[in-house]
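Positions annotated as compositional bias 'Low complexity' by TrEMBL: B:15-26. Under the heading compositional bias 'Polar residues', TrEMBL lists B:188-203. TrEMBL lists B:94-447 with the feature domain 'ABC transmembrane type-1'. TrEMBL lists B:1-30, B:175-203 with the feature region 'Disordered'. Annotated transmembrane segment per TrEMBL: B:38-59, B:98-118, B:130-151, B:328-348, B:369-387, B:428-448, in sequence order.
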Amino acid sequence: MTSADTVVRAKQSLVARIAARAGGGALRVVLILVGLLWLMPTAGLLLSSLRDPAEANISGWWKVFSDPGQLTFSAYDDLLGNQQITDSLWTTLAITIPATLLVVVIGALAGFAFAWMDFPGRDWWFLIVVGLLVVPVQVALIPVAKLFGEIGIFQTTTGVVLFHTAFGLPFAIFLLRNFFAEIPRELLEAARLDGAGELRLFLRVVMPLGGPAIASLGIFQFLWVWNDMLVALIFADGGNPPITVALQQQVRQFGNNIDILGPGAFISMVIPLAVFFAFQRQFVAGVMAGAVK
Amino acid sequence: MSTATADGAATPGRASSAPPANGPSAKKPKSVMGTRPWLAAVFLLPALVLLGALVVYPIGYSVYRSLFDASGNGFVGLDNYQEMFSDDATKTAIKNNIIWLILAPTVSTALGLIFAVLTERIRWATAFKLVVFMPMAISMLAAGIIFRLVYEQDPDKGVANAMWVSVHDSFSESPPFPGAHPRPAAGTTESSSGAYTTNATLKAGSPTSLPLVAAKRDDISDAQDAKAAKPEAGKVTGTVWFDFTRGGLGKEGAIDKGEKAMAGLKVEAVKDGKVVGRATTAADGTYTLPAKAEGAQLRLPAWNFSEPYNGIDWLGPSLVTPAIIGSYVWIWAGFAMVLIAAGLAGVPRELMEAARMDGANEWQVFRRVTVPMLAPVLSVVVVTLMINVMKIFDLVYIIAPDPSKDDANVLALQLYQSSFGTDVNQGLGSAIAVLLLLLVMPIMIINIRRIRRESRR
């Protein structure tokens with residue numbers, strides 16, 4: 001009896017194993033196909049941007065497989081020789097870098113105060129910040145445009161930077177306050193006993209220990225601002241817009257200017273993709289944490 | 001097995017910082033500073049000034065402004081809100097936002113769940129996750145340009161239609177010579193449907209040839225040379241060819257040397273309105289009909305010359321919103337996948353094993369164990385995507401072409417148009433802004449409540 005049992009079980013497990021093997025093979029094929037499907041849109045635009053512009057505007061990118069001779073960097077050469085595009089890349093940097101630094105610095109100062117300082121109504125103030133986490137930027141477009149108009153920074157780089165900083169702050173304060181609050185009290189007290197003042201505590205103890213959270217926040221804010229189009233569309237200087245707005249102006253003639261849009265889109269994607277591949281962990285953490293925006 | 005997700009690039013390093021998932025620490029650290037409120041004020045000042053001026057004040061101003069007309073001087077009460085629900089453009093926007101709210105988060109989350117579960121036990125899952133998550137890094141503008149190209153109507157340019165048309169054409173033949181027609185002098189009559197019938201009747205043993213013109217060069221370029229059909233006793237034969245010699249040296253109506261055959265044309269013999277024989281032209285342009293065709297007229301059905309199937313009008317009025325939602329799913333399925341995969345790593349293995357031991361199959365395990373265990377994560381993902389979708393702007397702005405922009409309208413786009421675009425009415429724009437704020441208000445309250453509860457503990 002027992003030996004028959006074993007045989008049956010062995011048989012079942014063999015069948016099960018074959019089924020699992022075949023299932024695993026099918027699963028592999030499905031995943032590879034889905035992966036290719038996911039890559040295809042981007043690969044299509046990349047190949048289009050690398051084709052002879054005359055060809056790219058009249059036929060599909062898959063034609064390069066039958067005629068690789070048409071691959072060329074000429075569209076990139078043309079685009080990088082285009083003053084407007086190179087200027088717009090500088091504008092993007094001139095917006096993104098200050099907007100990121102300001103959010104990190106101002107957010108860390110406030111996060112530190114919320115985590116370790118005593119002041120009346122601290123918890124209530126913090127709840128207000130939490131409430132502001134999900135306020136849509138759309139609510140502020142009209143009022144801030146008017147406000148900026150009155151103080152003369154509407155459609156300037158300064159205005160865009162301030163707007164992005166303000167809307168980055170609730171998340172920055174929330175994230176950093178929570179992270180700073182986890183710092184062991186003894187570390188702060190020890191530094192305090194050594195006679196460190198608030199600023200010293202902040203700069204020498206809290207900021208260095210907050211490294212991981214600051215990295216996630218910085219990466220998230222950097223990408224958010226770099227990739228923004230809506231705020232820039234309204235608040236940026238129309239004569240010297242960032243890359244997203246410059247490209248957006250080209251979309252109207254879509255179909256016969258793939259030679260501008262293709263390489264333009266890729267140039268605008270280079271930095272975000274580099275950040276993505278270089279800092280995968282922090283990037284994912286930042287995007288996950290900040291997605292409520 | 002948990003390493004499959006733990007070592008993946010696509011693992012949230014500190015998922016604990018995700019606001020909807022986790023609140024701040026329960027600990028409420030006491031000040032180590034002593035009480036010096038003015039110092040706290042110094043640390044808080046820059047943040048409070050910016051938040052007050054650019055986030056809090058605008059909320060109040062938007063509410064106030066929404067009660068005034070376009071000029072900003074005339075108080076109109078709630079008229080703007082009424083207009084919002086009666087104005088056609090805004091009504092379309094609200095309708096589309098509802099479609100977005102229903103479709104985009106659920107489809108993205110469902111795909112994310114499937115990907116997360118399928119990749120759970122695969123060694124190279126990291127590569128797959130990287131590919132699916134990558135669109136999160138790029139701007140909506142770039143994604144918009146990418147999908148504008150995918151959805152190009154012309155099947156020779158847009159990959160979506162290229163694939164669709166090749167699937168379609170493998171089930172039905174495509175017409176061989178769009179736009180071609182018999183030489184007017186050849187003695188044919190065109191029917192209202194576009195078929196051509198010869199005036200003369202067919203005779204067995206005496207070939208009937210038909211010269212055609214106006215075929216597209218691409219359709220004819222690799223054809224064989226046309227050959228005059230040989231008379232065959234008891235059969236009706238003939239040639240259909242492209243009566244054109246480059247340089248115009250050929251003789252009209254005669255098969256000159258080097259003139260091309262038109263292969264694959266359908267020909268019919270019609271006698272008294274009835275089809276008595278059918279044939280398809282061979283590679284050299286000749287056709288052979290049975291003896292029955294004697295005395296019938298030769299007809300070239302309209303199908304031969306009809307335009308080829310041109311695919312789906314993705315960005316036309318009826319499909320533009322689902323098409324744009326498709327591009328959104330392409331971006332956000334990766335986000336859903338990574339959050340769900342992180343949640344999946346926390347589901348105890350033993351529960352699934354126990355269900356399997358009890359005889360549950362994989363589907364039952366998924367349906368009865370995995371999904372319920374993941375419910376908290378799934379709801380976080382869906383809620384996050386819903387907040388995100390309410391404010392959708394860039395994708396619609398970039399992908400919808402001008403003719404169908406009105407059909408693709410969404411609230412954020414309408415707000416932009418009413419505030420800074422073509423039909424400026426900042427009163428209406430402010431009302432839409434207030435509506436968007438009201439829509440996210442429940443989430444705001446949930447967040448605040450949870451934080452309060454956690455800090456009391």
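Each Cβ is built from the backbone N, Cα and C atoms, and glycine gets one as well.
By number of Cβ pairs under 8 Å, the transmembrane segment (B:369-387) is matched best by B:98-118 from the list B:38-59, B:98-118, B:130-151, B:428-448.
Between the transmembrane segment (B:130-151) and the stretches B:38-59, B:98-118, B:328-348, B:428-448, the greatest number of Cβ pairs separated by less than 8 Å involves B:328-348. Assigned with DSSP, the residues of the region 'Disordered' (B:175-203) fall into helix, strand and coil as follows: 3 helix, 12 strand, 14 coil.
Relative to the transmembrane segment (B:98-118), the listed stretch B:328-348 leads the set B:38-59, B:328-348, B:428-448 in CB pairs under 8 A.
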